[in-house]
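What follows is a set of notes on a single structure, which appears directly below.
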Amino acid sequence: MAQALPWLLLWMGSGVLPAHGSQPGIRLPLRSGLGGAPLGLRLPRETDEESEEPGRRGSFVEMVDNLRGKSGQGYYVEMTLGSPPQTLNILVDTGSSNFAVGAAPHPFLHRYYQRQLSSTYRDLRKGVYVPYTQGKWEGELGTDLVSIPHGPNVTVRANIAAITESDKFFINGSNWEGILGLAYAEIARPDDSLEPFFDSLVKQTHVPNLFSLQLCGAGFPLNQSEALASVGGSMIIGGIDHSLYMGSLWYTPIRREWYYEVIIVRVEINGQDLKMDCKEYNYDKSIVDSGTTNLRLPKKVFEAAVKSIKAASSTEKFPDGFWLGEQLVCWQAGTTPWNIFPVISLYLMGEVTNQSFRITILPQQYLRPVEDVATSQDDCYKFAISQSSTGTVMGAVIMEGFYVVFDRARKRIGFAVSACHVHDEFRTAAVEGPFVTPDMEDCGYNIPQTDESTLMTIAYVMAAICALFMLPLCLMVCQWRCLRCLRHQHDDFADDISLLK
């Protein structure tokens, strides 16, 4: 998952409380989209919606509200494995490609996959090891029959990594026992020959090659007895559900089929452009990853964004640890000053040449509510934007504002305003466009690739240079050896003469 699972850092400080989890809150009727200064010329919308194939759009009642989770600990769906079926909760992760489940006792697991009890399990006699920035897991590969009770009415034979050992992978109290990697085969472990679950699903059934996610997040409940309420959402497999979003869907191309990589062309804080080379936003990639909690930004972009957010919210002072995600800030219940925090706009490459669209993110998304703090009279939050060394990661806190369509068949990702996102009476999340943005292709970061033929050429050149320098040296050594030999022979002859005397 871009690839690290979310972990909560616990710190103490003056007037600052340690972070633990989340408390939900106000959900008001959605108003019109957020206004703001357009980027360049704003063009008319060509069509309200693009035509879709039959079966791609419609109502998927059986799949609505099939996700559960806890704030900062991921969203999971119920799945069954084996014969007879064993039910497990599986984390939905668009930032990895392995379907992996706990298959041995673990202190944080209430249940696990028992391969020996399944008559349909097949052992592939192959191991797999997956390290993360923090944590790792390893296990054994096999296949078994898999279905999703609140999903399409199909059963598929899928590759399963049975996790036998792990470190800092499972989360205590998260209520999930495995991970469903929904990205492409290129990043599957141990290699890209291992077919991911969604590829198997599409190949073995008539399910269309797309899925969509509505992650609803958590605000604060009016009833404090609901403070431990789970987050929820929907994973629509094989289609798009109209009831889960408002307005139009806007699509950005999938740049490369490994992670769900996209191109960000501009970033604004409260309408003010960060004015950075757009390559910086995508260094070394930008991905959409439901398995990561935060919006993660490359170092330079993170520093510029935090500087702008600090300036916009300067009416209140916050400790440095807050901006690093290590400390919480709290206000008396119901008094959070949302208005002092700016909105963040990410402009994404559009499908039409030189056109982009923007998604606008509210502070209710990037300030993540946490639960179980020392005093229940306060609303406490963690700053959910963090620094990344592996590019931009649009994690769950971003996705919670939008209905996101992973249209694998057309190599594109769609965004629309989610019908369940948390907001206030003054501002809502927004998806707006099109905007004129030239030379967007230049914004993508190209990882330097050196093939074997290039390496061989370099090796030959280096060998030739070495030979060129070594040749005179070799000649000098040979000449020295010859002279030494002649001198040695002369000395031997002189010694013989002296003996004869």
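Placed from the backbone N, Cα and C atoms, the Cβ positions cover glycine too.
Candidates considered were Cys216, Cys380, Cys420, Cys443; Swiss-Prot assigns the disulfide partner of Cys278 as Cys443.
Reviewing Cys330, Cys466, the cysteine that Swiss-Prot connects to Cys380 via a disulfide bond turns out to be Cys330.
Between Cys420 and the candidates Cys216, Cys485, Swiss-Prot records a disulfide bond only with Cys216.
Distance from the CA of Cys330 (disulfide bond) to the CA of Cys278 (disulfide bond) is 35 Å.
Of all the disulfide-bonded residues listed (Cys216, Cys278, Cys330, Cys443), Cys330 has the fewest other CB atoms within 10 A of its CB. Each of the disulfide-bonded residues Cys380, Cys420 was scored by how many other Cβ atoms lie within 10 Å of its Cβ, and the smallest score goes to Cys420. Secondary structure at Cys443 (disulfide bond), taken from DSSP and collapsed to helix, strand or coil, is helix. The disulfide-bonded residues shown are Cys330, Cys380, Cys443; of these, the one with its CA atom nearest the CA of Cys216 (disulfide bond) is Cys380.
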